[in-house]
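S.K.: Got a structure for you, questions after.
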Amino acid sequence: MEGQLAHIGAGLAAIGSGAAAIGVGNVAGNYLAGALRNPSAAASQTATLFIGIAFAEALGIFSFLVALLLMFAV
Amino acid sequence: MATNTHETVSACVNDHGSAIGMPQLCNEWMGNQIFWLVITLIVIFFVLSRVALPRIAAVLAERQGTITNDIAAAEDLKAKAAAAEDAYNQALIDARAEAARIVEATKAEIKADLDAAMAKADAQIAEKAKAGEKTIAEIRANAMASVEEIAKATASEIVDALGGKADAKSVNSAVDAQLKG
Amino acid sequence: MAGTAPSSEDAGLVFHPMDQFIVKPLFGDGPVQWYTVTNVTLWLILAIVVVTAIMVFGTRGRAVVPSRSQSIGELAYGFVYKMVEDVAGKDAVGFFPYIMTLFMFIVSANFLGLLPMSFTTTSHFAVTVVLAMAVFLTVTIVGFVKNGAGFLGLFWVSSAPAALRPILAIIELISYFVRPVSHSIRLAGNVMAGHAVIKVFAGFAAVAVISPVSVVAISAMYGLEILVAFIQAYVFTILTCVYLKDALHPSH
């Protein structure tokens with residue numbers, strides 16, 4: 001029973017990956033919108049873009065990690 | 001199950017050789033990974049900092065130097081090319097002016113020749129016309145004289161034919177009077 | 001259901017997505033001691049070989065007009081050098097060999113991990129935590145050595161209203177200490193997630209009906225993983241540069 005609950009928890013934690021996907025899409029989309037308005041400034045901001053994506057994705061990875069822990073380590 | 005070779009190996013691997021839990025969280029293996037990782041990092045660090053990076057930096061610096069020299073040389077050549085082009089353009093302008101001058105001179109010369117020839121031709125034409133007129137006048141005068149003669153002869157013949165006696169003097173005067181009238 | 005592993009074998013579907021991360025001794029079956037030569041050792045050494053091949057043997061010509069292999073090394077050099085200069089500042093150039101080491105190691109380990117049957121060293125928290133802690137300690141020590149107590153200004157947001165500053169200081173302090181955690185888990189998590197997903201799709205390939213879909217999915221994931229392998233190395237490096245900039249210029 002407890003193991004099954006852990007599986008449910010893992011599934012719930014996987015929602016976090018979708019939320020991270022929204023976050024990453026938001027970052028990339030806004031970057032693109034800004035880059036199309038001012039293409040000359042776009043190149044200088046790619047580093048910021050990747051840092052932003054990395055931060056957004058890290059949280060999704062955390063939820064993925066929680067899912068994995070529930071699946072394999074609890 | 002007990003025959004499986006993996007049974008004694010680890011607390012993180014089960015009898016089938018599959019992982020128990022997450023292999024990443026297995027305490028047994030961490031020391032091993034950290035030890036070899038540290039060795040790897042040290043080796044890579046020394047390979048890079050002692051051999052690779054100075055070498056690449058030197059190559060890049062050398063290339064930068066070469067490029068700078070080449071650019072300077074190219075600037076020189078460019079200046080020379082520009083000077084040559086200026087000279088060429090100047091020569092072109094001079095040549096054009098010279099050509100224009102020659103054209104003008106030739107044109108004037110030809111015009112003078114042409115005028116002279118025209119004048120000469122005009123004079124010849126006038127002369128020829130005058131001669132022609134004179135000839136025409138002569139011919140006309142001769143023709144008038146002949147007409148008179150023929151008229152007189154004809155008149156005396158007519159008078160003869162009519163049975164009259166025509167003395168030459170009166171016929172002549174009558175014909176003259178008619179011709180004048 | 002922790003570890004009662006062969007669970008769903010009745011359906012023909014066998015998922016062991018985590019088995020690829022098991023550390024095994026290369027020779028014999030003994031227990032894994034800290035000095036044991038394991039598959040970790042093998043793939044770490046291969047990473048050294050790859051880095052050496054690219055950075056040392058590729059550039060042995062020292063040609064002014066670079067050959068193909070030399071331009072790979074020069075590209076990596078220029079890429080990381082520019083990153084250090086742009087993000088961390090000109091005075092961080094002294095740390096360039098260190099950051100270059102991190103970048104070259106992570107990038108080669110990530111790409112080696114993408115080879116079929118290989119072992120991905122960067123998917124283990126033990127590895128990435130060491131890398132992240134090394135960065136964290138370096139940044140902290142450099143910060144205090146260069147700025148003394150002024151390094152604590154990093155946590156004191158002087159542009160905020162005075163009443164908020166203590167609260168912000170606590171938040172900044174927490175975020176500072178969470179840095180190595182997120183720094184390491186981001187790298188290991190991304191790499192592990194991709195490999196585990198590929199393994200799960202590979203498990204579906206056992207069913208004949210869906211195996212074409214599964215193969216296509218594996219190919220697509222593999223393409224994504226190639227991207228992730230590079231981007232995570234890039235992100236790890238650039239975050240190192242960002243942290244280093246904080247250490248060198250702690251004022252907000």
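Glycine is no exception: its Cβ is also placed from the backbone N, Cα and C atoms.
What TrEMBL shows for this protein is this:
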TRANSMEM  A:6-28  transmembrane segment
DOMAIN    A:8-70  domain 'V-ATPase proteolipid subunit C-like'
TRANSMEM  A:49-73  transmembrane segment
SITE      A:GLU57  site 'Reversibly protonated during proton transport'
S.K.: Around A:GLU57 (site 'Reversibly protonated during proton transport'), how many other CB atoms lie within 10 A of its CB?
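M.R.: A count of 25.
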S.K.: How many of the residues that make up the domain 'V-ATPase proteolipid subunit C-like' (A:8-70) does DSSP mark as helix, as strand and as coil?
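M.R.: Summed by class, the stretch gives 62 helix, 0 strand, 1 coil.
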S.K.: Suppose you look only at the domain 'V-ATPase proteolipid subunit C-like' (A:8-70); what would the mean pLDDT be?
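M.R.: It averages 89.
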